[in-house]
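According to TrEMBL, the feature region 'Disordered' maps to A:389-408. Residues annotated as transmembrane segment in TrEMBL: A:12-33, A:45-65, A:71-91, A:139-162, A:169-187, A:218-238, A:265-285, A:291-310, A:317-334, A:354-371.
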Amino acid sequence: MKPGFIAKNPSVLIFILILALFTLGVTLLSNAYGTGFVSTSMVKTLGKTLCLCLIAIAMDLVWGYTGILSLGHFAFFGLGGYMIGMWLMYARTREIVVSSASGALPMTPQELNDAIASQVFGVVGSSQLPSIWHFAGSLPMQLLFVVLVPGLLAFVFGWLAFRSRVTGVYLSILTQAMTLALSLYLFQNDSGLRGNNGLSGLQNIPGVTAGQDALSVWFLWASAVALGLGYVLSAFIVSGKFGSVMRGIRDDEARVRFLGYSVETYKLFVFTLTAVIAALAGALYYPQAGIINPAEMSTVASIYLAVWVAIGGRGRLYGAVIGAAFVSIISTWFTGGRVPNINLGFYTINWVDWWQVLLGLSFVLVTLFAPRGLSGLIDLIDGLRAPKRGGDPLGPDDGALQEKEAEA
Amino acid sequence: MRSFLLALTAGLCLLSVPAAVPAFAQDTTPPAAETAPPSGLAKVIADNADAISRPSRQTIGPVVDAIGASGDPGTVTFLQAWGARQLGLRKSDGAIFRLSPSPEGFALADPVTGADAGTAPKSDITEIKPNAGVQGLIASALVRFQLSDPDPAKRRAALDTLARRGSAENLEPLLESIDDEPDPAIKAQKQRVAGLMTITHGATPEARIAAIESFGGDMALDFRAALNPILATTRKVFTGAPEGNVAAELKPGQSGFSAENAYAVLVADGLAPKRLTRTDQRAALESHIENGMVGGVPVAALNDPVQRDRAYTVLEAAGDVPAAATDDEVATLVAAHRYADIYNEPDSAVTDAARNALKSVSVKVGAMQGLDLGLDALSLASIYFLAAIGLAITFGVMRVINMAHGEFITMGAYTGYVVQQHITDYTLSIIVALPLAFAVTFAAGVAMERLVIRYLYKRPLETLLATFGISIALQQVFKNIFGTQARPLTAPGWLDGAWSLNDIVSISYIRIAIFVLALIFLAVFLFIMNRTRLGLEVRAVTQNPSMAASMGINPDRINMLCFGLGSGIAGIAGVAIGLFAKVTSELGSEYIVQSFMTVVVGGVGNIWGTLAGATLVGFLQKGIEWFNPSNTLAAQTYMILFIIIFIQFRPRGIIALRGRAAGD
Amino acid sequence: MSALLEVTGISVSFDGFKAINNLSFEIGPAELRAVIGPNGAGKTTFMDIVTGKTRPDEGRVLWGEKSINLLKLNEAQIAREGVGRKFQRPTVFEDQTVTENLMMALKARRNPFSVLFWRPSGEDHARVAAVAKQVGLGDQLDRKSGELSHGQKQWLEIGMLLAQEPRLLLVDEPAAGMTLAEREQTTALLVELSKTRAVVVVEHDMEFVRRLDCRVTVLHEGSVLAEGSLDHVTSDPKVIEVYLGR
C-alpha cells in the first residue's frame, strides 16, 4: 500500500483502532483472560457478530458499490461453514473413535474410516463416507476448499448470469433461486452433508485441549483480524480507480462499457471476490455457532444481509459494519427475551414474538425515510450536511444510488 | 313353515346322495329328536357334531360339502359362525350352538335359525376353534353360496374377495355361477375374475394361455398383478446346463451380476464356504494374541491389512483358524458353475404368453402414465399460474417486485379459514371466502401501494427490500395470530374424490377445480386488459407512463388499481391453494420463488408469457420428479438449475418484448 | 486515403420496422463529418451499431488498417479499439468527482487486475488537469459532477472523450443545451480534433453544421439520401423534399 492510502482513507485507521479497542476490551472482560464480566456465550455472540460484519462488508462491495443486489451471499457464507465444518466434524469424530476403540488390534485405515463414517452418517442411515469427504481429514485441503468451492460456484454462476447481461431484479431473483437450489440440495439426506441435520459439534476444535472459555476468545481474535483485513482490503479496492469503475457500473453500466471497461468481467471479479470473503466469514462463524444446517442458507438470510447493509447505509464500508453489528446485537437482545414486555391493557406485546414485525417495519421505514441508513448519523456527528437535492437516482441503472443516499 | 319344508326336501336330497354322507353319520342318535325331528341342515349338523367340533383339514371336506349341499337358508350364517369361531359344543349333550358372551358364561342360540336357546356356564361349553386350513375350506364353501346369493351386494362382495385372494378351488364354483347370474354388470365382473383366476389356477396350460390372451392389452392393475407371479424367478446354480424354465442365464461379471454376486449365490446354496470378512479376520486374530504377537507379527503393525493377511496365513498354516477361501479358490468355484434365473412357473408356454402380454401392456401403460404425468403437470402448472398471475401484473405492468406476494397468498388462505369458522357449510363458505379473500388482499395491496411502494417507483431493488420487510413482518403477524400449527381449510364434499379414466390415469376434483379457476382467471384477465377502459389505460401506462399521464390518465390511480388487482388475485389463489395444502404462515413463501421463476421464465409484461412460464415450470418439475420420484427436493434443485441455464439463452423469457420498446 | 471506418450495407429492424435499411458509410482517419436527418432517420441507431450496442441483421462494419470486423466485438472491446461516443443526454458519473470521472476515462489498461493496482502517477494528474482545463473545468476538479450545470456536464463528457484518446469520435447533438459562446467553443474544438482523428457529429441544428464546414451525410428512413458539402446537399431536391415536406 502506498503511504497515501491511510491519509486518503482516515476511516480505515479509525475503524482498525475501534476494532482493536473492542477486541482488547472484550478480552479483558472475558472469563478466560480477564474479569469474567462478559460471559463466554456473549463472547461467542460478539465473535459471530464480527463475522457477520465481514460478510456485510462483502455485501456492501457487491451491492452498495457495484449495484448487484445479490441474494446469494449467505449461500457462500454457509458453504464456507460447511467446508470447515467437514474437517471439524471428521477430525473430532476420529479423535473420539480412536480414543474409544475397544478391539485388541490397532485399526486399519479402512476400519477407522468406516467407524468415522458410521458415527457421522448414522443419523441419515448411511455408513458410507461420501466421496466429497475424501479430503475431510486434511485441514489444509478443507481450508483450500473454503476458498475454492464457493469461489468456483460464484465464478460459474456469475459467468453465466453476467454474460447474458441479466441485471437488476432479474439477477436478484436468479441469485435467490441459486440459494434456494443449494439449500434444497443440502436438505437431502443423500447430498453427503447429513441432510437437514447439518454438521454439529463444530465448537470443539480437534487437537485443542483448551476449554470453550479460551477458545471463544481466540475465535474473537481471529474474527477481529479477519474483519480488519477484510476492511483494509475492501477500502483498498474501493479507494482507487477500481472503486470508481465499480460505482460507475452501479450508476450507469452502459456508460462504463463505452469507456472500454468490460463490465461483465468487473462484475464477475467483484462477485467472486466477495463470495470468497463471505465464505471465509462463514468458516469463522460456524465454529463459534457450533452447528450448521441448510436452513441457515435460506434466501431469507441473504435478504437480511441486504437489510443490514441498507440499515447501515450502503456504499460505505463502515455503514455495512454498523448495520450488521447493530441489527444482529439488537436482534439477540430482543429474541433473547431480555426486553421487557409492553402491556397495552388488552394485549401484551411479547417482544420475542413481535421483534420480527418491528424489524420488518423498521426496515421499510429506513428504506423510505433514511436511505443513508445509520451512517447518516455519522455524517451528522461529522458536522457534514448533505446539500438539499431531489431524490433522483444518480444514474439510469436499477442499482444506482439516489442522491440522498450518496455521501455528502 | 316354508323353511321347514325346504329343509325337509334338502334333507331328502342329502339322503339320496349317500356318497356325500360320511360313514359315521348313521350311528349318532339325533339328540333333540324328542322335541322336533331334526331335518336338513340341523340334521347334518347333529349328525356331524363330532367332526364339526374337532375339525381337521383331512376329515372336514365331506362335512363341509354336506352342509353346503343342504340348501338350508341358514347355511351361510352357520358357516360364517363356524369360520368366525363362534360355535360351541355343549358338553352335556353334544349339541352345537352359536355362542355369544353373557354374564352367566355364554348365551346360546340355535346354529341354524338363530333362535334363543338359553344360557350355559363356561365350564359346560367347549368352544369350537377351527384352524386356518379349515377356515379356508369353510370360506370357499361360503363363496359358493355368496356367489349365488339373492342380494347383489353380497355377490359383489364375494367377487371382490375372490379377486383379492381366490384359490384354485374357488374357480369351479365361480364358473358355475356365471350362467345363472341375472345382473349383467356382475356377470361381466364374474367372467373377468374367472379369467384372472384361470391365469393362475387354470387346469391346463392351454386354458391359462387362452385366458391370458383373452385379456388382450388390458391395462388394469389386477391383470398385471395376475401376470407378475407367473414371471417370478429364482436365482439358481447349476453344475451343468441350467434346467427348468430358464428366464435368463447369467454370466459372472456381466452388469448387475458380479463375481461377488455369483459367489454369494454359491454360499446361499451351500456350495461354497463363506468368505472371510474383515470383521471375522479381526476377531480370529484378536483371539490368538500371544505376547503381543499374532502369528509372528507384532500387534502394533496390525493396522495394515497386508500384515493382517500375513498373520492370518500363519495361523491358518498352524491350523489355529479355519481356512479362508483365497481369491483364486473363489474364482475357480465361481467359474465351475453356471447361474440362471429360473421361472417358478414350470411351463415355458405360459411364461412366454405372460411375458408377451406384459410387454404389450407395458407400452400402453407407459403411454397412460405419460398422460397421467401430463395431467399432474398441468395441475401443477395451473397452481403456479394462479400463484404467479398476480405477481405478473405487479412485476410485469409496474416493474415492481413484490416480495410480500407470498404473504398475500397466505392472507387469502387464512381468510378462507376464518370464514369457515363462522360458516359451517363448506360449499357456502368457499363461495363467500373467494370474494372476501379478494377484497381483503385487494385492500392490503392498495394500502401497501399507497404507503410504501409509490415512493419507490423506479427503484425496483429498494422496492424488493421494502416489500421483503413487509413480508417478514406479515409472516410473524400471522404466526402471532394463528399460531404455528397448520389450520384446516376444508374443501366441500363434492370436491372430494378423483376422476379416473382407468387404473393409471386419475386426477382429483380439487385439481380440476383449480385448473378451471386458472382458466377463468386467464379469461378475466384477458377481458380486462383487452376489452375495458381500465385495461387500455393500464397498457398505456405500461408502455409510456409520461405520455399516458399527458393524455389525462392518472398513472397513480392505475398503479394503485393494478397493485390491488394483483394482490387480490393472490388472495383468491391462496384460498385455492389452501384447499389442498397446509395453511400455515409459511404457505405463501413456499410458492414465491416458483412464482418468480414462472414470471421470469415466461417473460415480463405478457399474460401468455406467464402462462407459458407456468406450463414450462410445472411440466419441468413433474418431468424431473418422474426421473427420480423418491426425491422431490432434488427435483426442485434440478429445476432451478435448469431455469438458471434457461435464462442464459432467453434472458427476457419465453415471450419477450423486442426492440427499442423493451428498454433496459 | 484508406478509410478508418467502413460500414457496408447494414440493415436492422425492430419488430418489422426497418430502422436502418442498406446503409453504407465511410470515414477517413482525420476527417470531420456531420450526419443530419429528420427524426427517426436512424442516426442514433447507426451510432448504436458502430459502438456495438445494437447488432445489425445484415451488413459489415470494418475498422482500421487491419479491417477488424467490429460486429464480432462487444461495446467495451470496440471502445478499446478507439471508438469514443458522446451521448445526446450528458452521461457522466454524478456520484464521482470531475477528477474521478476523467481518471476513469484516461487511456490506460482496462482489465480488472491492472485497474486494481493502478495508482495515478504525476503524469496522469497533469494529463487530467490539462484535459479539464481544455474543457473549462480546470477549477472544478474536486467537485462532484452531479453538482455541475447541464452545460458543464456536456463539457465533462467531452473531456472524458478526449482523455480516452479515441481514433473515432461519435458525437450525438453536442450543441444541445449550450449557450452561444459554448457552441462556438465546441465547434472550434471539434474542428481542431478532426485534424488528428475522425469525428462524426450527429446534429439537428443546421446553423451548427454550417459552422463545422465539413462534408455532410443526410440520412432518411435508414439509408443515405445525399452526401457532400452542406451547400451541395441543401440544394438537392430530395433533401429539400424530406426536410420541407411535400
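Cβ coordinates are placed from backbone N, Cα and C, and glycine is handled just like the others.
Of the candidate ranges A:12-33, A:139-162, A:317-334, A:354-371, A:139-162 has the most C-beta pairs within less than 8 angstroms of the transmembrane segment (A:169-187). Residues 11, 15, 45, 48-49, 52-53, 55-57, 59-60, 64, 227, 231, 234-235, 238, 304, 307-311, 351-352, 355, 358-359, 372-375, 378 of the same chain lie 6+ residues outside the transmembrane segment (A:317-334) yet bring a C-beta within less than 8 angstroms of a C-beta in it. Here the transmembrane segment (A:45-65) has Cβ contacts under 8 Å with residues 26, 38, 73-74, 77, 216, 219-220, 223-224, 226-227, 230-231, 234, 237-238, 243, 246-247, 250, 270-271, 273-275, 277-278, 280-282, 284-285, 288-289, 305-306, 308-309, 312, 314-317, 319-321, 323-325, 328-329, 332, 399 of the same chain, all six or more residues outside its ends. Within its own chain, the transmembrane segment (A:265-285) is flanked in space by residues 47-48, 51-52, 54-55, 57-59, 61-62, 65-66, 68, 70, 73-74, 76-81, 83-84, 143, 146-147, 149-151, 153-155, 158-159, 162, 219, 222-223, 226, 230, 234, 237, 245-246, 249, 256, which lie at least six positions past its ends and keep a Cβ under 8 Å from the stretch. Taking Cβ pairs closer than 8 Å, the transmembrane segment (A:12-33) reaches residues 5-6, 39-40, 43, 46, 211, 213-214, 216-217, 220-221, 224, 227-228, 231-232, 235, 317-318, 321 in its own chain, all 6 or more past its ends.
When Cβ-Cβ distances under 8 Å to the transmembrane segment (A:139-162) are tallied for each of A:71-91, A:218-238, A:291-310, the top count falls to A:71-91. Remote same-chain residues near the transmembrane segment (A:71-91) are listed as 55, 58-59, 62, 116, 120, 132-133, 136-139, 142-143, 145-146, 149-150, 153-154, 157, 172-173, 175-176, 178-179, 182-183, 186, 193, 199-202, 204-207, 274-276, 278-283, 285-287, 289, 292, 294, 296-299, 301-306 (criterion: CB distance under 8 Å, separation of at least six residues from the stretch ends).
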